[in-house]
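Novice: Handing you a structure now.
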Ligand code: XLS
Ligand code: NI
Ligand code: NI
């Protein structure tokens with residue numbers, strides 16, 4: 001996919017296809033580290049990283065915040081006819097993504113298609129926009145990583161969708177999911193995402209949490225069965241987030257979602273979409289939640305972004321912290337990759353980044369950071385660095401009584417007797433500082 005797409009009008013004039021020029025280039029509109037065809041451990045960077053552009057941020061964000069109106073105006077959002085505007089937005093999106101050279105995109109229903117109160121008007125908008133997207137996918141080779149239904153912005157969802165105490169609202173949410181699953185199959189989507197927007201609560205006095213969670217499980221089961229029936233063969237993904245907008249979000253972190261999926265027997269079809277800033281809001285690190293998901297065999301995909309260490313909200317910044325990205329890529333490589341998932345830039349430029357080209361700088365920075373991180377993480381893996389020190393710490397479980405413990409062959413009395421024989425237990429260093437130094441050495445002198 002090296003062609004650049006332009007529709008009836010060029011929305012990013014003066015910017016061509018972003019190419020790889022290497023770290024010495026002084027052209028800001030070029031990749032310094034992301035060389036899509038470069039082979040790293042048998043796979044191209046493009047195949048490893050599977051970058052996606054998020055429609056809701058990149059095509060619709062205006063920079064508005066709770067204190068002020070938007071600062072960013074986009075030509076493609078100015079048409080007063082909603083379907084014509086949707087088509088202009090689709091043109092701008094595919095122009096942008098094709099110039100950037102990202103292989104995938106992601107969207108919510110209402111990012112791409114005009115919303116409507118009646119289900120049938122909504123469905124006809126979705127069908128019309130679906131044709132527009134399919135046509136542009138075919139013209140460019142850009143593919144759908146995932147889509148999703150926005151069940152949190154409309155006022156009807158003030159108490160959630162699947163967990164809303166009003167059944168009629170739940171059913172309305174289901175109508176959007178049906179339309180999005182139909183569209184996913186039409187567009188050949190590789191995953192389908194559920195982010196539990198307002199699935200949560202603020203006060204137990206008026207909330208039957210057990211019943212709401214049972215409703216959520218039933219809702220997901222019905223959606224899964226429908227998706228499989230119409231031929232969706234990809235991965236269903238749940239995206240954890242601990243707060244914002246509800247005080248208590250049900251899908252609060254990776255561990256909570258895994259517990260939920262296992263409780264309701266949904267772990268055969270659903271995996272996790274881990275977002276960097278959501279993990280840090282949960283008081284975990286990005287790598288921690290990735291590792292929790294990977295260890296359960298449920299690491300599905302990534303929303304690549306970062307928060308701000310001083311702010312306790314979802315700032316959704318572009319991921320430019322290479323150290324953090326290395327920590328993430330070590331987990332991804334240990335998981336043998338992301339399989340049907342990818343790295344979706346669920347991130348938006350800052351309110352004062354008002355130049356059109358800032359959208360390119362943001363994505364170039366995110367892609368370069370993860371490309372660097374991929375190579376560094378692969379070098380760390382090739383040198384067996386983390387593995388060597390990590391494995392060494394558990395060595396006395398490899399044989400003798402330690403190995404028997406792991407096999408479940410020891411009783412509590414036997415453990416007591418082993419303890420009685422081991423009077424002086426030598427301390428084994430965790431070597432944390434040494435490992436950190438070796439990682440820095442690899443980062444800066446590969
Ligand atoms: C919001 C979420 C959202 C999901 C998709 O915080 O990250 O953007 O990724 O609904
Ligand atoms: Ni997200
Ligand atoms: Ni977020």
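Cβ coordinates come from backbone N, Cα and C, glycine included.
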Novice: Write down the one residue from 208, 303, 308, 314 that TrEMBL lists together with 239, 275, 346 as binding Mg(2+) 1.
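Specialist: Candidate listed by TrEMBL for the same site: 303.
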Novice: How many other Cβ atoms sit within 10 Å of the Cβ of residue 303 (Mg(2+) 1 binding site)?
Specialist: 27
Novice: Should we count any of the recorded positions 108, 278, 303, 316, 346 as near ligand 2, judged by a CB under 6 A from one of its atoms, and which?
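Specialist: Passing the 6 Å Cβ check against ligand 2: 303, 346.
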Novice: Provide, as an integer number of angstrom, the distance between the C-alpha atoms of residue 314 (Mg(2+) 2 binding site) and residue 108 (active site).
Specialist: 18
Novice: Could you tell me the C-alpha distance between residue 316 (Mg(2+) 2 binding site) and residue 346 (Mg(2+) 1 binding site) in angstrom, no decimals?
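Specialist: Between the Cα atoms of residue 316 (Mg(2+) 2 binding site) and residue 346 (Mg(2+) 1 binding site), the distance comes to 7 Å.
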Novice: Should we count any of the recorded positions 108, 111, 239 as near ligand 3, judged by a CB under 6 A from one of its atoms, and which?
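Specialist: Once distances to ligand 3 are taken from each Cβ, none falls under 6 Å.
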Novice: Any idea what the Cα distance is from residue 108 (active site) over to residue 303 (Mg(2+) 1 binding site), rounded to a whole Å?
Specialist: 14
